[in-house]
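As annotated by TrEMBL, ATP binding site applies to LYS87, VAL88, LYS89, THR188, ASN295, PHE296, ARG297, LYS315. What TrEMBL lists as disulfide bond is CYS136-CYS167, CYS219-CYS229, CYS263-CYS272. Feature annotation from TrEMBL assigns N-linked glycosylation site to ASN186. The transmembrane segment feature in TrEMBL is assigned to 341-363, 394-412.
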Amino acid sequence: MFPPSVFIECNQILYAITMSDKGCCDSVGECFFDYYTSKILVIRSKKVGTLNRFTQALVIAYVIGYVCVLKKGYQDTDTVLSSVTTKVKGIALTNTTELGERVWDVADYIIPPQEDGSFFVLTNMIITPNQTQSKCAEVILFFSGVRTGRCVNYNDTIKTCEVLSWCPLEKIVEPPNPPLLADAENFTVLIKNNIRYPKFNFNKRNILPNINNSYLTQCVFSRKTDPDCPIFRLKDIVEEAEEDFQTMAIHGGVMGVQIRWDCDLDMPQSWCVPRYTFRRLDNKDPENNVAPGYNFRFAKYYKDSDGTETRTLIKGYGIRFDVLVFGQAGKFNIIPTLLNIGAGLALLGLVNVICDWIVLTLMKRKHHYKEQKYTYVDDFGLVSIFGLIRHPNVCYTCCILILFGILTYTWVTFCNWLCSSCAL
């Protein structure tokens with residue numbers, strides 16, 4: 001960025017070379033020894049003075065109140081690095097025609113056992129037992145195996161293609177309502193979250209220093225009584241997102257557990273604590289309900305006494321919980337502080353330009369102010385090339401456009417000089 005004096009001198013030299021009768025070297029020498037200085041004009045006007053102080057107050061309030069206090073412009077910032085592990089606990093009892101009476105523990109309903117930043121809880125299922133590798137009639141409108149080329153009886157009135165597949169074929173029915181694993185709402189999950197801000201060498205986890213083993217074995221997260229407890233009941237998570245667990249458990253869905261770490265490291269470290277929020281992530285729009293929920297298929301394999309491989313096919317519905325960690329830490333640093341102070345000084349320079357534009361264009365005695373503001377002492381007969389722009393309104397319009405485009409102190413100084421060059 002070149003300083004304004006460079007533009008001034010270059011224009012003076014160009015104009016001197018083209019317009020002066022003297023030689024090129026003489027004109028350049030005369031411009032080289034020109035001197036530019038500011039002139040202070042005090043206007044005793046309550047209107048202009050009030051506008052000036054009011055605008056300065058706005059700039060100072062913006063810099064101090066918004067930039068420094070609200071946005072903490074004096075701080076350097078860093079984004080969070082995070083790792084998440086989960087542990088689910090709970091037992092459910094089901095009694096179905098296919099499986100009979102059965103107890104489900106963590107090894108049964110958490111599929112897979114560990115995921116990166118998430119976990120899945122099985123809540124409902126459609127069970128097709130005793131499937132073997134054999135041939136059977138194809139289900140209408142569903143591709144379910146390799147066709148053999150034969151037509152066989154699907155029922156007493158309909159024939160379909162014969163397929164080589166796992167027979168009997170999967171049941172095509174709606175998931176049970178109420179859900180089979182309705183007791184899953186009482187399951188609990190321990191979420192362990194470790195965070196780090198590498199720029200400040202700061203580490204912390206959501207199991208806070210004041211939490212001991214006895215408290216951790218009996219606490220459950222509650223906004224009012226236990227806001228720092230890292231153990232959550234699944235029903236509470238869903239209800240915090242304003243959803244009904246039993247309704248969601250029928251077809252499944254996706255929930256988001258959001259952990260936010262916003263830390264002011266200029267304050268005590270004990271103030272840096274996680275904030276938990278919950279929301280549903282999958283689409284539940286009633287007008288766009290194609291393929292709702294969350295489901296997948298898995299099978300349990302075994303062999304009969306005669307060596308025949310058999311499986312039980314399960315179409316599982318459940319709720320996937322994604323743990324999402326956000327955060328930003330700030331700490332005092334002299335560099336952003338100086339940058340924001342410099343930006344504030346540049347904005348204060350804009351105040352003078354605005355007031356000058358109002359005085360020289362809108363005031364009743366604007367011509368008198370112009371005569372008093374601009375004085376030319378011309379020893380060499382040189383006239384600035386910017387004198388060709390005679391009307392000050394054009395000059396100030398250019399200044400304002402430049403200021404809004406590149407708001408720096410250098411440009412503010414350049415505009416003040418440009419306006420003085422454009423005077424009568």
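Note: Cβ is positioned from N, Cα and C throughout, glycine not excepted.
TrEMBL feature annotations superimposed on the structure.
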residue : record                      : contacts (Cβ under 8 Å, 6+ apart)
CYS136  : disulfide bond              : GLY145, VAL152, GLU162, VAL163, SER165, CYS167, PRO168, LEU169
ASN186  : N-linked glycosylation site : GLY90, ARG233, LEU234, LYS235
THR188  : ATP binding site            : VAL88, LYS89, GLY90, VAL220, ILE231, PHE232, ARG233, LEU234
CYS229  : disulfide bond              : ILE211, TYR215, LEU216, CYS219, VAL220, PHE221, SER222
CYS263  : disulfide bond              : TYR197, PHE202, TRP271, CYS272, GLY327, GLN328, ALA329, GLY330
ASN295  : ATP binding site            : PRO175, HIS251, GLY252, LYS315, GLY316, TYR317, GLY318
PHE296  : ATP binding site            : LYS315, GLY316
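Here the binding-site residues are LYS87, LYS89, ARG297, LYS315, and the one with the most other Cβ atoms within 10 Å of its Cβ is LYS315. When each of the disulfide-bonded residues CYS167, CYS219, CYS272 is scored by how many other Cβ atoms sit within 10 Å of its Cβ, CYS219 comes out lowest.
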